[in-house]
Amino acid sequence: MTRLTDLGVTDLRDGIAKGDFSAKEVAESFLTATNEAEKLNAFITLTPDHALKQAEKADKDRASGQLKPLSGVPLGIKDLFCTNGYRTTAASKIIDNFVPPYESTITEKLFSAGAGMVGKLNLDQFAMGSSNETSAFGNVISPWRQKGDDTALTPGGSSGGSAAAVAAKLVPAATGTDTGGSIRQPASFTGITGLKPTYGRCSRYGVIAFASSLDQAGPMAHSVKDCAALLEVMAGFDPKDSTSVDVMVPNWEKLLSSDIRGKKIGIPKEYRVDGMAPEIESLWQRGIDMMKDAGAEIIDVSLPHTQHALAAYYIIAPAEASSNLARYDGVRYGERKTPEGGNLADMYAATRAAGFGDEVKRRIMIGTYVLSAGFYDAYYIKAQKIRALIARDFEAAFDKCDILLTPATPTAAFALGQKQEDPIAMYLNDVFTVPASLAGLPAMTVPVGLNEQGLPLGLQLIGKPLDEQSVLNAGLALEERAGFTSQPKKWW
């Protein structure tokens, strides 16, 4: 018999609706799995009361014939989303005990649709990182292991807790946020599916800000179909977010089709970068062959300015972060350090020195530097010009094709600690994901295979603005042909 924890979002939703099992049974199964997986350190805070309360409501709604779109589906929530009455930390000591008096729009939509919350998921501190090693609550450990090797691996970042929890089947799906690849890279590292929607498609209200012109929430799940079902609930205009796009939310799940015959798939030549592992190159070719097999036409395209994307991103994102993180000063909430005999300025300095981690401090310093009077034009303005050129490159490419197919990451998951001392090597993890973020485009990663060490590898699909449907459809075609069913062997 299939274990309930083996089922995805839509299977659980449909099973509860048919009466195959109760929402309470589902919640209890995932809560048990979570309690047995402390070694992964995927959660910062567990919320069994919320999951069980929502399950009880779902069972009552089923009895009265009033089921909602996600009734009884338990989810993991990245601890960057403010949850009314539940501790929200952004994985930082500076707001260690912050309990929001309000709900983020995304979680409000999910809970109103009947979903429950198993817990708040670990992440890189303030979503700044690519390996989940910058969390003040300890790093998340990937459920995956290399063949014959017990070395602890990164689940990716910043949504590492979300990726690890879904891959280990502690939750059927989770929310993530993506600023420069923080949904797509960890999804690729852990063999799950992750979707970053068009910038503005999902509300940022109540999501603790990293870089406001880049941050975008999205779903992480076991399948393309599950991502489509979740995105339908998460997306939508929100007047509380000034960057929210006022457009209709399509019925992505119902319109899902793997028939991509006649679609033009662009292959950007600039994504063949130095240092890309041969296994990634061959995986990309396999993906191209799968798209051909599905009836799509393959077209070579050029994105000439993407070679500068990483440099531009690591100027723009820290600049915005330095502004956003200026609000954490120890006055109203969170950590407060007051040196004996010190004044207000001393309290600010001591609080921020003690409360922020090294990577956050590094990015605040970079951001403050590039925004300073002497360097604003030389760095920040130049980076914004590059960003505009990258967006134009994508526009030109999409005149010739419908979707772009690229690698998701330059390597498979690496060992924890391997790149921690070298920020540049760590930043290079985002080389394939950052360009779509700078252009605000929808993009998703789909698991396609394993490398020789038995670790998952994914490919990325990038679409036109607000054309998540084409991305999902191409993702489904890839998913069906890849037939990826590998799971991590339980060691935790």
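Cβ atoms are placed via backbone N, Cα and C, with glycine included.
A quick note: this is a predicted structure, and the numbers were derived from the prediction, not measured.
Feature list (source: Swiss-Prot):
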- Lys78: active site, charge relay system (ACT_SITE)
- Ser158: active site, charge relay system (ACT_SITE)
- Ser182: active site, acyl-ester intermediate (ACT_SITE)
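Least crowded of the active-site residues (Lys78, Ser158, Ser182), judged by neighbouring Cβ atoms within 10 Å of its own Cβ: Lys78.
Between the residue listed as 'active site, acyl-ester intermediate' and Lys78 (active site, charge relay system), the C-alpha separation comes to 11 Å. Residue pair Ser158 (active site, charge relay system) / Lys78 (active site, charge relay system) shows a Cα separation of 10 Å. In the three-state DSSP reading, the residue listed as 'active site, acyl-ester intermediate' counts as coil. Ser158 (active site, charge relay system) falls within neither a helix nor a strand when secondary structure is assigned with DSSP, and so counts as coil.
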